[in-house]
Amino acid sequence: MEGELEMTVGPVSQAPLESQKTPEPQPSQPHIEGEHDQHVRADREMSLPEAEVKQRSTWRLIAIVLALFLSLFVAALDATIVATAAPTISSDLQSAAGYTWIGGAYLLATAASGPIWAKFSDIWGRKTIILSALAMFFASSAVCATAKTMEALIIGRSFQGAAGGGLILLVHVCISDLFSMRQRSLFMGLTEGIWALAGGIGPILGGLFASLVSWRWCFYINLPISGLASGLILLFLDIKHEDTSFLEGVKAVDWWGIFTFLGFTLMVLLGLDFGGVIFAWDSAKVIALLVVGGMMIFGFVYSESRVAKYPLIPMELFKQKTNVAAFFVTFLHGFVFIGAEYYMPLYTQSVLEASPLTSGLMLLPFIVMGAFAGIAGGIFIHRTGRFRELIWVGTILLCLGFGLFISFSANTGKATIIGCLVIGGIGSGLLFEPPLIAVQSQVLQKDVATATSTLNFIRNIALTFSIIIGGTIFQNSMDAQAAHLVAAGLPKDLLVLMSGKNAAANVMLGSTLENPAWRLAIKESFSWAIRNMWILYTSFGFLGVVASVFVSESHLTTDHTETVTGLVKEKVPAIVSV
């Protein structure tokens, strides 16, 4: 936000958790000033030198980082834990049509809520808002765990996703508040390890709970973790905040932007989900959803650029080439990588006839290699101050890995599948944090929260689009296989179960049949339908390779400016020398 009051904090020690200290004044040296230098100079000149510098002990920082990582873990866990449990949940709640929305509702709400949480934290402070997000996550997890109908579960998942979106965003914002550009890259690399841990054990836990206990434990497990994170945040998080009245804060919220954005996302995604499955593509309902939803985006852009005083997504962020390229890479990466985590279990269960637990274990190469790549990337940026090469390598490997998925069939060996997952996982792991560092390096410290929320929003909306569009392609492809199944001699009752809207909830049907011809036909139909999704994801991966070329390198400073949140700071004039 404009004119934010900030506290200048000196160079961060090489020890990641040492307290931050104010540097001795250094004489300025003449040099040719570039765009980033102007940003750094503006940061320093807009700071108030008399502001109290926050001193944090090593143990306080450890407690804060632990709380943030726990918060990120539960939010990330719920994005993947239902992947292997979804067929069981759909069967237990007797709703095949709800299969896609078990994950889609969570990710849609995550995407829609991120910028809202960011603006709330700018107004009412990081601590208050992250505690609110944790409380909502706790309550909605309890709702999901006790749901008796698919409708109740989807409502609970929606609120859970809204809270999860806040947690994912605020963890990155708080890390950016606490550490310098060079140092935060190390901690953001570690967040990739948290994502990988959650993504790796999520499908395994989901399959384990669904097979041995109850799928409801996919949600009960969140309660103690979110409770512990809340306690640590309450006791130790101390990011500076100037008090803002509730009424003044409400007036500052971009309500029209929220309304138009939600209208756009909900209408377009519902139109894509209904099209060709529940209603024909040329039906009035589908056309109305897509057209009206598409028009809402124009209202959103107008609100952000002309109306909102504190916009959710400032249009100025899109005026720099590097930002646009990094946002584009982020969208394409999010769209592609979630395809493996969400739909690879569908392939292994339906085509390879793996159990939910085994299908979760087969995802480990993708997740674990992504974790190592992400952590290694964070260390590389921390030591060299460079990030562009990581984006280049990541997009190439991601595209290559998913391109190899296209060759998967009913006869593909597990060793081949694991090798392809390793390649795709390394590429995916290299693309989580470098685009964020690229964007943050282009903005002032006071704008980091907004820039971070924008990038997270773009990634989250990509995840949602990916699951819905991928599911739509799968369902339509299964319907297109009806003739093949009829030719194999499947009776009408089995044909209904293998239709587009029912197939995802009956992935284990083939393994229960004694007729080898029917069994093979079902496996081939699943394989062909899933192959069409891999083609889509590979195409998007190639676009990511092209976009990565336009990301520029920037100097990553070891100096740090800690932002003070709250609307009161707007009253402090910003002084920038020209």
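Cβ from N, Cα, C; glycine included.
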The annotated transmembrane segment range in TrEMBL, which must be one of 416-436, 500-520: 416-436
Close approaches to the transmembrane segment (457-474) from elsewhere in its chain (Cβ under 8 angstroms; 6 or more beyond its ends): 79, 99-100, 103-104, 107-108, 110-111, 114-115, 165, 168, 265, 269, 272-273, 275-277, 313, 327, 330-336, 338-339, 342-343, 346, 500, 503-504, 529-530, 532-533, 536-537
Remote residues contacting the transmembrane segment (98-117) - C-beta distance under 8 A, at least 6 residues beyond either end: 75, 78-79, 82-83, 86-87, 89-90, 129, 133, 150, 153-154, 157-166, 168-170, 253, 258, 261-262, 265-266, 269, 273, 312-313, 338, 342, 453-454, 456-457, 460-461, 463-464, 467-468, 471, 504-505
Other parts of the chain folded back onto the transmembrane segment (363-381), taken as Cβ under 8 Å at six or more residues beyond its ends: 182, 185-190, 192-193, 195-197, 199-200, 203-204, 337, 340-341, 344-345, 387, 390, 394, 418, 421-422, 424-430, 432-434, 437, 556
The transmembrane segment (193-213) in contact with the transmembrane segment (286-303), cutoff 8 A, at least 3 CB pairs, sep 6+: no
The transmembrane segment (324-343) and the transmembrane segment (61-86) contact flag, 3+ Cβ pairs under 8 angstroms: yes
